[in-house]
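Heads up: the structure comes next, in structure tokens.
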Amino acid sequence: MDLLLLEKTLLGSFVAILVAILVSKLRGKRFKLPPGPLPVPVFGNWLQVGDDLNHRNLTDLAKKFGDILLLRMGQRNLVVVSSPELSKEVLHTQGVEFGSRTRNVVFDIFTGKGQDMVFTVYGEHWRKMRRIMTVPFFTNKVVQQYRYGWEEEAAQVVEDVKKNPGAATHGIVLRRRLQLMMYNNMYRIMFDRRFESEEDPLFNKLKALNGERSRLAQSFDYNYGDFIPILRPFLRGYLKICQEVKERRLQLFKDYFVDERKKLASTKNMCNEGLKCAIDHILDAQKKGEINEDNVLYIVENINVAAIETTLWSIEWGIAELVNHPEIQKKLRHELDTLLGPGHQITEPDTYKLPYLNAVVKETLRLRMAIPLLVPHMNLHDAKLGGFDIPAESKILVNAWWLANNPAHWKNPEEFRPERFLEEEAKVEANGNDFRYLPFGVGRRSCPGIILALPILGITLGRLVQNFELLPPPGQSKIDTSEKGGQFSLHILKHSTIVAKPRSF
């Protein structure tokens, strides 16, 4: 019976789509569309390009079709932009026109159909959420308030690694300890809380649920059902799992963090001057009626994924490149010892006077960009781009990884060479002052987390290189840096074992 119903549904949907296509051809506007592979009815280009739309596959398509190309993925138009000039149009010159976000069946679940800041459409709600989140998270005042905590967390990582007897011999998976550090860095800001160890049960619950959320959201496995509505019934099981994970996460955030902070606030009778952490500011906005409880939870949801995981990926990539390039690691260590003095542990203010460290961070973000396609943009209305018509509600992907790795724009881009940012690219910064290099995007929808990520990266990599010689495990000359690309993520495929030999000062 269920099979018969499914067959009828598929047949009816198929006929409806064919009719819609015919009507569209007869009545629709005549667009001058960007080039791309020839689509077929219903499926578009999906049968040709498949679900895996990672940055490297999209780069291959750009080499064939040009700096702007159109993929018809079922009912969705997907425009891929691969040049600095067109990226400037999307992100800056026409930032309002292309400033919205696309809908996605999985992200709709995890964000409550755009009740957060990152994935909401461009408009009043986005402006309100951005304003509410900026003061407690993304200002220099926040950096100065919490940088001592970041330094303490990095120091604790160093001590824990030194105490681990296996770290200096057969090696450890350093990422596990760094993950705890990143949770503590952000949970100090959010809730004035930290986790004592990797064995903390609440930390492990959070880590497991956030990891499952990332896996489900970043996978390409659900693209077919998102692109092609007649195939969506086959996604029911996947979407059910997403809904369950979302509900468990939000309940965890509410029970253990948001409600706990509310209780503390009620007992201390906090006034504005007494607000201690980000959630106090956000709950204050809720009390004023600016946002509701769901918005509060989705803000916490955003920070758990966007701030913690992306910075952790970049730290992990930076360590991997330093292990595989011992001469660069040695040069960085020499800078730290020379400019700071042996034994003087790097602090946040020190990061600004260490040019080679900053070059290492920039080069890591260039070659191993954590968000290689940025977060997708969308035009709410018909628009023009590069001399082509872009139909309303097209998904716009800026291939920021290719902008930063195109040999037409960069000298030997496949090489990990921090010196480029001290030599021919010395004026290029991570804040988007050059449209060839956009690790955090630029413009209205750029990532505000840059103000936190850069000092945390500098402090963490600096402390590790100051205190350890970082090496591949015995029997290996290098560690594996194979990539794992997602919907718009790029992390290392295998969490590597690292030998960390303590230095003596």
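Counting starts with 1 at the first residue shown.
Here the Cβ of each residue, glycine as well, is placed from N, Cα and C on the backbone.
Features reported for this protein in Swiss-Prot:
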- 3-23: transmembrane segment (TRANSMEM)
- Arg213, Ser214, Arg215, Leu216, Ala217, Gln218, Ala306: (E)-cinnamate binding site (BINDING)
- Cys447: heme binding site (BINDING)
Statement: Integer Å value for the Cα distance linking Ala306 ((E)-cinnamate binding site) with Cys447 (heme binding site) is 9
- prompt: Cα distance, Gln218 ((E)-cinnamate binding site) to Cys447 (heme binding site), nearest Å?
  reply: 18
Field: Conformational class of Arg213 ((E)-cinnamate binding site) under the three-state DSSP mapping
entry: helix
- prompt: For (E)-cinnamate, what surrounds Arg213, Ser214, Arg215, Leu216, Ala217, Gln218, Ala306 with a Cβ no more than 8 Å from their Cβ centroid?
  reply: Phe110, Asn210, Gly211, Glu212, Ser219, Val305, Glu309, Gly486, Ser489
- prompt: Which residues of the same chain, at least 6 positions away in sequence, have a Cβ lying under 8 Å from the Cβ of Leu216 ((E)-cinnamate binding site)?
  reply: Val106, Tyr238, Ile241, Cys242, Val245
Field: Where the record names Arg213, Ser214, Arg215, Leu216, Ala217, Gln218, Ala306 as binding (E)-cinnamate, the maximum Cα to Cα distance in Å
entry: 15
Message: Neighbour count, 10 Å Cβ-Cβ cut-off, for Arg215 ((E)-cinnamate binding site): what number do you get?
response: 12
Query: Residues with Cβ closer than 8 Å to the Cβ of Ala217 ((E)-cinnamate binding site), same chain and 6+ apart in sequence?
result: Val106, Phe107, Phe110, Cys242, Val305, Gly486, Gln487
- request: Could you check the binding-site residues Ala306, Cys447 and say which one's CB has the most other CB atoms within 10 Å?
  value: Cys447
